[in-house]
Amino acid sequence: MIKERKPSKSRAPGKGHKQIPGVAKESQPIARTRTGNVEFTPAKTHDMVRSLFDPTLKKSFLECWISLAILSNVVLCYFMATKFGASFTKKFFLWQYVFWRLCYNVGIGVVLHFQSNYETLTNFAKMRSLFSKKNQQWLARFCRFEIESKMPNTYCLEEYPEEFNVWLLFRQFVDLILMQDFTTYILFVVLSIPKTVLSSHTVSFALGVIMILFNVWVKVDAHRVVKDYAWYWGDFFFFQDSKLVFDGVFNVSPHPMYSIGYMGYYGLSLISGDYKVLLVSIGGHLLQFLFLKYCENPHIEKIYGSDAVENDNAHIDELLVKENPNYSKPLITKGLWFTNVDKLRLTDYFTILTVASIVLFTFFLKPSTKALFWATLVAKITTSLFISLVLHKQSTSKWFTRLFLKNGYTQVHSFYQWQFLYNYCLTVSYTLLILQTWSQFRHLESRNYTQIIFGFLLCWLQKWCDDEILTAISEFGWFYGDFFLTNYISSRKLNSRGIYRYLSNPERFLGVAGCWGAVLITHFSPYNLILAALWTAANIALVKLVEEPHVSKVYGTSERKSGVSKTLMGFKPIRRFSEIMDKMELRLVRHLTSNDSPFEEEAPTSEEAQWNEVVQLALQSVTANLAPNCEFKLGDGKCDTFIIPGPVEAHWKLPSKLYNNDDWIGLYKVFETGEDRQRTRVSSNGRWTGTNEAAFPYSGRPKKSIVKFQRTGDFVNGTVKFDHSLMFYEEGVYELRYHSGNTHKVLMISQPFRLSLPIVKAESAEELSEGLHQFLAEVHALDGNSFNPNSNRYLGDRFLKGLIKKASGVDLSVKYLRRINYDVSIIGKRVQEIKAVLENLE
């Protein structure tokens with residue numbers, strides 16, 4: 001009904017300004033004309049309600065006629081309803097409202113357009129000297145009379161520039177149009193309200209009253225902030241140097257007088273319960289938005305400049321396209337259509353065909369509403385868990401990026417694939433929700449069209465919210481780019497532009513408005529209530545448990561205060577309640593996201609301590625009842641750790657009567673041999689050697705494994721060596737077992753020992769390549785500059801993968817290693833690239 005103006009920016013007077021004497025006062029704002037820069041102090045004015053209805057203020061001729069017109073409409077309404085019936089009267093005032101609404105949005109819009117671009121009204125007044133006492137034409141005399149009858153006796157027309165006087169006259173015609181617009185609309189609504197409204201629409205009536213009261217607060221608070229100057233489009237006529245405070249309602253919503261300032265329209269529609277009133281209200285509201293778009297916004301941008309601020313995320317989107325030839329803007333599902341469709345991207349076809357398949361399946365096979373409900377429920381739970389899990393693991397360990405890096409892909413490629421997965425999940429879940437809602441709607445026995453229209457309004461609200469979010473944070477933010485491409489962020493500062501100026505997390509509630517709209521459309525179907533609750537809970541959980549912890553980690557702990565929060569926190573009861581809820585919420589989030597052990601007394605055990613414990617336990621199990629002349633020790637007997645690939649030397653000694661030429665020694669994992677110390681019940685898998693060179697001549701055992709064999713009187717002793725050809729290439733605790741004859745009977749068990757991976761330096765690509773080259777040469781698995789997996793049956797590519805990970809902390813997949821033919825130079829370079837990416841993500 002009443003419009004909003006953007007509060008004026010402070011303007012410092014320029015040089016050469018003319019000063020009109022006798023009007024400037026320090027306590028009042030200074031204004032100046034748009035052309036000529038003539039400075040003056042605006043006279044005090046009053047808002048429309050006081051001007052028209054305050055009996056202590058002077059009334060002009062037009063103001064009296066406006067009051068009379070309001071009263072006449074009320075009397076006319078009563079007379080016509082009595083004489084011609086409510087139906088005819090309602091149509092009469094509907095068309096009258098349409099006329100005045102067009103006078104407002106089209107008439108005033110055209111006048112302001114010409115005033116903004118050509119100062120038409122001001123030039124007309126100057127050319128005809130409308131405010132000069134020398135001009136005695138009827139129009140000039142009427143204009144002077146109108147202003148003098150309105151303003152105080154001390155007001156002198158000729159001391160003020162034409163711009164200000166024209167603005168005062170313009171206000172009178174604005175008051176006439178706005179009051180007629182308001183009065184005719186109210187009378188139309190009153191005639192549409194049923195007599196049983198209180199008994200049959202109690203909830204709707206209560207909600208409607210709340211919306212009307214909220215509308216009143218918006219109007220009052222808006223006028224408190226912008227005053228008469230902006231309320232009546234003063235900057236179309238002159239500029240005012242005043243510093244206005246952006247608070248209250250202007251922190252709650254963009255263009256509050258055009259958006260939430262029309263909440264009363266919808267409140268009255270609820271009270272009336274008539275969908276025709278709602279449609280009329282929507283039409284009037286839509287005209288107001290058109291007025292904003294084609295009249296106000298062009299003037300605002302011309303006078304104050306565009307509100308558009310450089311978007312860091314948009315720069316990142318451009319950078320990704322420029323630096324990565326294979327990257328293109330991702331497919332985004334927006335409502336019922338797609339944007340950024342790439343004709344050469346197969347995933348786009350896959351997404352679109354999936355939607356088409358689901359729709360065709362639903363319309364041709366006609367599944368039951370219950371079946372569609374379960375399909376939607378399962379799809380939403382599955383996709384929400386998948387999205388939340390991926391984002392959580394990506395935030396805590398960069399899991400998704402590492403997954404692609406270790407398989408030879410780039411960081412940007414991982415983000416590219418995530419964009420497809422995220423959009424695909426959203427598309428499938430919302431497609432099923434729309435089809436489920438349609439199926440439920442078709443089976444309704446009765447339809448409340450007012451409720452249905454409100455449902456579609458909520459769907460439009462979610463669509464608008466999504467568009468505003470996408471505009472504010474761009475595609476980079478829409479797809480959670482700060483989880484995947486943290487190194488692309490130049491400014492670690494939260495975005496507070498666009499919709500984020502008013503709401504910190506608009507997607508939390510406005511992002512599910514359409515789901516609750518579906519509840520209204522289906523007349524509060526239990527199925528849709530469950531789905532809407534699920535959508536809301538999933539959104540809140542994602543924001544609280546995943547997004548907010550990650551935002552704190554990336555952007556710091558400074559909280560982004562939204563305009564709505566600032567306004568609501570101005571009310572003490574709400575502020576206190578919010579503090580209590582924040583404390584409860586913090587405890588819950590900490591409990592759900594804590595990785596600490598539930599037993600505080602249970603201290604974490606280091607890896608080294610765990611290994612030592614394992615060795616000690618194994619030592620206690622070694623056979624201790626051998627004859628005193630039997631020996632079986634490793635090396636010098638003091639070392640219990642060997643670096644792969646060894647060698648591991650074992651010295652043994654037996655009485656001659658116990659020795660057999662077919663005795664053999666095998667290498668085993670301690671945990672695989674079990675508690676049986678008398679007999680080995682697991683295979684050595686070829687990791688064994690005889691005790692003398694003459695034994696097992698056809699076994700293919702390497703002769704070099706027998707270092708020493710000697711008979712001395714009543715004893716036999718020797719030394720065997722387990723080198724790279726007989727070695728385990730896996731960290732762990734091992735033991736050697738001496739077996740009697742060609743059997744698995746155990747005579748002696750060595751002290752348990754630990755096999756550890758070699759230390760390979762990885763400070764640079766060259767250093768890592770050289771270390772790998774040296775190790776592979778030691779184990780005779782080097783073929784040129786590459787690892788040969790066929791050279792050693794025990795040394796596989798998985799060991800090489802583990803060695804690289806231990807040396808550098810970087811995980812490369814076996815698939816990738818095979819793809820590059822195990823080239824150690826490429827491995828070194830790739831590891832450094834991945835390390836650089838992961839370091840930048842921290």
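In case you wondered, yes, glycine gets a Cβ from its N, Cα and C as well.
Swiss-Prot assigns T89 and G828 to topological domains bearing the same name, which places both on one side of the membrane. The transmembrane segment annotation in Swiss-Prot falls on one of the ranges 244-264, 748-768, namely 244-264.
The listed stretches are 61-81, 271-291, 371-391, 515-535; of these, 271-291 has the most Cβ pairs under 8 Å to the transmembrane segment (92-112). If you look at the transmembrane segment (515-535), the same-chain residues 6 or more away from its ends with a CB under 8 A from one of its CBs are 369-370, 373, 376-377, 380-381, 433, 436-437, 440-441, 444, 446-448, 451-452, 454-459, 461-462. The transmembrane segment (415-435) makes contact with the transmembrane segment (346-366): 3 or more of their CB pairs lie within 8 A, with pairs spaced 6 or more apart in sequence. Of the ranges 173-193, 244-264, 346-366, 371-391, 469-489, the one with the most Cβ pairs under 8 Å to the transmembrane segment (271-291) is 173-193. Counting residues per DSSP class in helix, strand and coil order gives 27 helix, 0 strand, 6 coil for the topological domain 'Cytoplasmic' (436-468). Across the range of the topological domain 'Lumenal' (392-414), the DSSP-based residue counts are 17 helix, 0 strand, 6 coil.
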